[in-house]
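The structure appears below as structure tokens.
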Amino acid sequence: AEVRLSRRRWAVVLLFSSYSLCNAFQWIQYGSINNVFVRFYSVSAFAIDWLSMSYMLTYIPLLFPVAWLLDKRGLRIIALAGSALNALGAWVKLGSLKPHLFAVTVLGQVICALAQVFILGMPSHIASVWFSSREVSTACSIAVFGNQLGIAVGFLVPPVLVPNVEDVEKLAYHISIMFFMTAGVATALFILVIIVFKEKPPHPPSRAQALIQSRPTEEYSYVRSILRLLRNANFLLLMVTYGLNTGCFYALSTLLNRMVIHHYPGEEVNAGRIGLTIVLSGMAGALISGIWLDRTKTYKQTTLVVYIMSLVGMIAYTFTLSLGHLWVVFVTAGVLGFFMTGYLPLGFEFAAELTYPESEGISSGLLNVAAQIFGIAFTISQGQIMDRFGTKAGNLFLCYFLLLGSVMTAFIKADLRRQQANLDNEQT
């Protein structure tokens, strides 16, 4: 098949990045003002934490049905389902503006969690289907970039839109503004997906993608593909290490408001800004990582260095949080975010290399399942440790698992199959 790039590719990846942003914002919008929603709905902090953890819990059983749907029906159906559920969940939340309607906000959040299943594993798949071998890692970083920007906005905007006021009616009014804005944006993005998002470009963008598209359909078996992935020792190691790193990030994001308020009472807005700093610096890390991979193809070395630096950043954050100087916390949180969040697209792209020619949707999905499982375990465990032994003990708990992940990453062999396929075809 003729290899040619489509100009639509940038519109597709930016649109995906945008509705991924909106979905990620809805994930963290409760956690970033945890104490405000605890008072409004008269529930425990743990109940509000579960609004974030519902994203993690929902993903685990639904990954395989959605990955199967991706392989059978393609990218456009997945994009439509993800953006539609995201908008529906946002509108349902508007029915929860009374203190006794906590169950309705849970329902809205669960629908948004369903949308996330159609979003989270897509970056590497979109990058492979639409972009050349020289752009694929950068495109994957841009796709992940949207999700991280959504988390950043989720840390920044809710503390500003929903101030911690005593009057419940005023509080409900401020919450309604946030929910209305979210629903409007989500609906507009869904309409754009209907208009702009296409299944695939007219021509394959790379030799590796041309090979996949030329393969007869009957040769491909979804179940065999999963079994081959689960027999790939390097991929299994990456799956565990990715789960450990991303699970730590999920726990840190969910519990950040509680940590900062514990040491700096009344600083809800700055707690959101610290979360924003973590994610914005991580977005810079993700973009730099993607460009670096496209230039050097040093997947193993880059992944290992970024993992070790995530551990260093976590240790620095742990021991500076309680010093009483917010500016120091901003600095160490920024360093932590640069590497920990910058690791996310690295994991997706390294998995795509290790598992070619298997579907990127399945490999990314399995990475995300590991992340959700560890995310739930770490969030619950760290929350309990913080309640009993303080925030430092809770953060040291995460440091231990980042150390374990760094050691395991060193044992992954750099078997870059996708690069080899492109090289072989160019030589032929």
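In case you wondered, yes, glycine gets a Cβ from its N, Cα and C as well.
Note: TrEMBL annotation is automatic and uncurated.
What TrEMBL says about this one:
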type     : residues : note
TRANSMEM : 12-30    : transmembrane segment
DOMAIN   : 12-417   : domain 'Major facilitator superfamily (MFS) profile'
TRANSMEM : 50-70    : transmembrane segment
TRANSMEM : 77-94    : transmembrane segment
TRANSMEM : 100-121  : transmembrane segment
TRANSMEM : 142-161  : transmembrane segment
TRANSMEM : 173-197  : transmembrane segment
TRANSMEM : 233-252  : transmembrane segment
TRANSMEM : 272-292  : transmembrane segment
TRANSMEM : 304-320  : transmembrane segment
TRANSMEM : 326-350  : transmembrane segment
TRANSMEM : 362-381  : transmembrane segment
TRANSMEM : 393-412  : transmembrane segment
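Counting residues 6+ beyond its ends, the transmembrane segment (326-350) has Cβ neighbours under 8 Å at 123-124, 127, 136-137, 140-141, 143-144, 147-148, 238, 241-242, 245-246, 248-249, 252, 260, 264, 267, 270, 273-274, 277-286, 288-290, 293, 299-300, 302-303, 306-307, 309-310, 312-314, 316-317, 320, 360, 364, 367, 412 in the same chain. Through the fold, the transmembrane segment (100-121) approaches residues 16, 19-20, 23, 26-27, 30, 41, 43, 47, 51, 54-55, 57-59, 62-63, 66-67, 78-79, 81-86, 88-93, 147, 360-361, 364-365, 367-368 of its own chain, all at least 6 residues removed from its boundaries and within a Cβ separation under 8 Å.
Note on the domain 'Major facilitator superfamily (MFS) profile' (12-417): mean pLDDT across this stretch is 85. Nonlocal intrachain contacts for the transmembrane segment (77-94), taken as residues 6+ away from its ends with a CB within less than 8 angstroms of a stretch CB, comprise 16, 19, 22-23, 26, 66, 69-70, 104-105, 107-119, 122, 176, 179-180, 182-183, 186-187, 189-190, 193-194, 197. Of the Cβ pairs linking the transmembrane segment (362-381) with the transmembrane segment (393-412) and spaced 6 or more residues apart, 3 or more are under 8 Å, so the two regions touch. A contact links the transmembrane segment (12-30) to the transmembrane segment (173-197), because at least 3 Cβ pairs that are 6 or more residues apart lie under 8 A. Tertiary neighbourhood of the transmembrane segment (272-292): same-chain residues 28, 32-33, 137-142, 144-145, 148-149, 151-152, 154-160, 252-253, 256-257, 260, 298, 302, 306, 326, 329-330, 333-346, 349, selected by CB-CB distance under 8 Å and a gap of 6+ residues from either end. Among the stretches 50-70, 142-161, 233-252, 304-320, the one making the largest number of Cβ pairs under 8 Å with the transmembrane segment (173-197) is 142-161. Tertiary neighbourhood of the transmembrane segment (233-252): same-chain residues 52, 56, 278, 307, 310, 314, 340-341, 343-344, 347, 350-351, 354-355, 363, 366-375, 377-379, 382, 398, 401-402, 404-405, 408-409, 411-413, 415, selected by CB-CB distance under 8 Å and a gap of 6+ residues from either end.
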